[in-house]
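Taking it in order: structure first as structure tokens, then the write-up.
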Amino acid sequence: MESIFHEKQEGSLCAQHCLNNLLQGEYFSPVELSSIAHQLDEEERMRMAEGGVTSEDYRTFLQQPSGNMDDSGFFSIQVISNALKVWGLELILFNSPEYQRLRIDPINERSFICNYKEHWFTVRKLGKQWFNLNSLLTGPELISDTYLALFLAQLQQEGYSIFVVKGDLPDCEADQLLQMIRVQQMHRPKLIGEELAQLKEQRVHKTDLERVLEANDGSGMLDEDEEDLQRALALSRQEIDMEDEEADLRRAIQLSMQGSSRNISQDMTQTSGTNLTSEELRKRREAYFEKQQQKQQQQQQQQQQGDLSGQSSHPCERPATSSGALGSDLGDAMSEEDMLQAAVTMSLETVRNDLKTEGKK
């Protein structure tokens with residue numbers, strides 16, 4: 001199918017597309033067809049002038065526009081016919097009595113030119129298969145042999161004029177290639193207008209879909225951005241809270257250290273105050289020691305008296321030691337322990353008294 005030459009519609013140049021698709025190449029241009037149209041106009045003018053240039057018919061003919069071409073690109077059947085004569089080709093009306101009497105099967109022909117109003121297109125046999133080369137189609141349309149007659153009959157019912165092309169067409173690559181192979185067409189080509197409408201509809205649908213997707217993507221991005229922002233704010237708050245807690249902890253430690261230093265200084269002050277009354281403390285200790293010694297001496301005397309009364313009752317028993325030595329040893333032993341205990345006790349009492357005095361202040 002790629003080897004088949006197929007010109008698509010441009011403007012109203014369907015006559016040009018029809019001829020080039022028939023001949024399978026860029027054989028004619030609008031300028032060449034316009035030149036043929038001007039020649040036909042001049043031939044018609046000369047025939048009209050034969051009746052007199054002053055006649056009413058001649059003046060009317062000159063005032064009328066050309067019947068062989070117009071500014072849109074339309075060309076008449078006469079222009080097409082004269083263009084084909086250059087290649088030795090002739091056009092015969094398909095439904096004319098002369099052709100119908102020949103009873104030729106359409107599949108035995110080589111090509112047809114179809115016209116409806118101002119549109120022209122070609123149906124041609126390439127190799128062993130028929131193709132509709134209408135320039136309004138997006139590509140060549142394969143026509144089976146059995147469908148060809150029905151296709152032509154349908155065109156006639158729709159008002160088309162069908163012309164049979166007689167003569168030898170120029171050789172072309174597509175004809176040579178399709179002589180050896182047959183092609184299959186899975187999808188029929190669409191009309192250019194239908195394809196453009198479909199493409200436009202697809203573009204509109206795609207645009208709408210893209211807008212929806214962009215809107216969704218945008219909202220999704222906004223949602224993601226909001227989530228990221230919330231996450232960042234939460235982390236920031238956590239960091240601030242942690243910083244506040246750390247600051248509070250540092251502040252508490254600092255205050256604790258300051259309090260400890262104050263307590264230490266107060267203790268040092270109290271200790272220094274205690275040192276100032278050490279003489280008084282020494283006197284208290286001596287008085288306490290003397291009181292304890294007096295108690296111990298009284299206890300020793302009472303014990304000696306008990307021993308003497310016992311000796312008078314038992315004259316055979318002798319004391320192991322003298323009472324003076326025993327009292328001295330006990331006094332010495334008691335004095336060392338009691339002195340240590342008394343010192344500790346008095347120190348504690350002194351500290352308590354100082355604390356009470358400080359508290360009252």
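Quick reminder: no glycine exception, Cβ is built from N, Cα and C everywhere.
Feature annotation from Swiss-Prot assigns active site, nucleophile to Cys14. Swiss-Prot lists Ser219, Ser265, Ser272, Ser328 with the feature phosphoserine. Annotated domain 'UIM 2' per Swiss-Prot: 244-263, in sequence order. Marked as compositional bias 'Polar residues' by Swiss-Prot: 258-278, 306-325. Feature annotation from Swiss-Prot assigns region 'Disordered' to 258-338. Per Swiss-Prot, compositional bias 'Basic and acidic residues' is recorded for 279-293. The compositional bias 'Low complexity' feature in Swiss-Prot is assigned to 294-305. Residues or ranges marked as domain 'UIM 3' in Swiss-Prot (evidence: sequence analysis): 331-349.
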Neighbour tally for Cys14 (active site, nucleophile), based on other Cβ positions within 10 Å of its Cβ: 22
Confidence summary for the domain 'UIM 2' (244-263), mean pLDDT rounded: 56
Helix, strand and coil counts within the compositional bias 'Low complexity' (294-305) (DSSP): 12 helix, 0 strand, 0 coil
